[in-house]
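Q: Found this in TrEMBL, in case it helps:
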BINDING   Lys24, Gly25, Gly26, Val27, Gly28, Lys29, Thr30, Thr31  ATP binding site
DOMAIN    18-232  domain 'CobQ/CobB/MinD/ParA nucleotide binding'
Amino acid sequence: MEKNLTQTNKLENESRVIVVTSGKGGVGKTTTTANLGMSIARLGYRVALIDSDIGLRNLDLLLGLENRVLYTAIDILEGQCRLDQTLIRDKRWKNLALLAISKNRQKYNITRKNMQNLVSSIQELGFHFVIIDCPAGIDVGFINAISPAQEAIIVTTPEITAIRDADRVAGLLEANAIYNVKLLVNRVRPDMIQRNDMMSVKDVQEMLGIPLLGAIPEDTNVIISTNRGEPLVLNKKLTLSGIAFENAARRLIGKQDYFIDLNTPYKGMFQKVQEFFLGKE
Ligand code: ADP
Ligand code: MG
């Protein structure tokens, strides 16, 4: 009995549960979840993405999996299906799975305990990463979404309203004992920063005092990829935003070699972008 318990704990410790959150809506949480998830899966890990929105899911669209959502977590709770029936495996990368909490018109009061049980059942299936896409707002949906997580990524744009909400969320995460928090600054426009019309990534990072995971440029390709249901990181010829997401994914899994690999053809360009965003060290 005791041995079993230890084994379960060990398994759970090996996998990471990360919530992608923001405070302000529309700053890029779902885009981040889809691209980081796909990147990490391509690096060989088993990844489960959870769309935790009740009633307004859209992660399935970004991944092009919308026609395959037959069952949701709510169906499990209602005894309509098993967990494995709710996990939709991506055809491009079979080690990536998506689980939706609910369908668009499905309403249900999911509890924190429900979320925690769901995530630990997914962990028991051997997923290395469980990434939870947070719903908008900081009410009950937010509290449920963060409750199974040990780590968080706060997404913000370099706008003062988004930064203030990000700061508020950082406080809420801490109050809920999530101390491993990283920052992703999205929709950065170097031209505006240069004209002093936008805060630099470094300024945003310093204001919030949260370690930086990545900076993603404003890029129309993000919208194109959303409409196609193909995360940017799948593009054969990576755009700048695709490179930036891949880089963030590598940082997340602790592979920092991306910056120093001289054989990487994008290094020169990426380093320039980094310097542009962050300023030379
Ligand atoms: P959230 O999940 O936080 O509400 P989304 O990921 O759905 O945000 O993004 C909101 C909108 O912003 C979408 O239309 C998306 O295509 C767009 N978007 C997100 N990131 C970028 C970016 N880096 N460049 C351009 N558009 C972006
Ligand atoms: Mg979203």
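Cβ coordinates come from backbone N, Cα and C, glycine included.
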Q: Looking only at the domain 'CobQ/CobB/MinD/ParA nucleotide binding' (18-232), report the model's average pLDDT.
A: 94
Q: Where the criterion is a Cβ under 6 Å from an atom of ligand 2, which of the binding-site residues Lys24, Gly25, Lys29, Thr30, Thr31 meet it?
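A: The binding-site residues passing the 6 Å Cβ test are Lys29, Thr30.
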Q: In the same chain, which residues outside the set Lys24, Gly25, Gly26, Val27, Gly28, Lys29, Thr30, Thr31 have their CB within 8 A of the centroid of the CB atoms that define the ATP site?
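A: The surrounding set, listed in chain order, is Ser22, Thr32, Ala136, Val155, Asn186.
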Q: For Thr30 (ATP binding site), which residues in the same chain are close in space, meaning a Cβ under 8 Å from its Cβ, but six or more apart along the sequence?
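A: Asp51, Asn58, Leu59, Leu62, Asp133 - these are the non-local Cβ neighbours of Thr30 (ATP binding site), listed in sequence order.
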Q: Can you tell me how many other Cβ atoms are located within 10 Å of the Cβ belonging to Gly28 (ATP binding site)?
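A: There are 20 such Cβ atoms around Gly28 (ATP binding site).
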Q: Fewest other C-beta atoms within 10 angstroms of its own C-beta: which of the binding-site residues Lys24, Lys29 fits that?
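A: Checked Lys24, Lys29; of these binding-site residues, fewest Cβ neighbours within 10 Å: Lys24.
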Q: Show which residues of the chain containing Gly25 (ATP binding site), separated from it by at least 6 in sequence, have their CB under 8 Å from its CB.
A: Ala136, Gly137
Q: Looking only at Cβ atoms, how many others are within 10 Å of the one on Val27 (ATP binding site)?
A: 24
Q: Using DSSP and collapsing to three states, where does Thr30 (ATP binding site) fall: helix, strand or coil?
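A: Its secondary structure by DSSP: helix.
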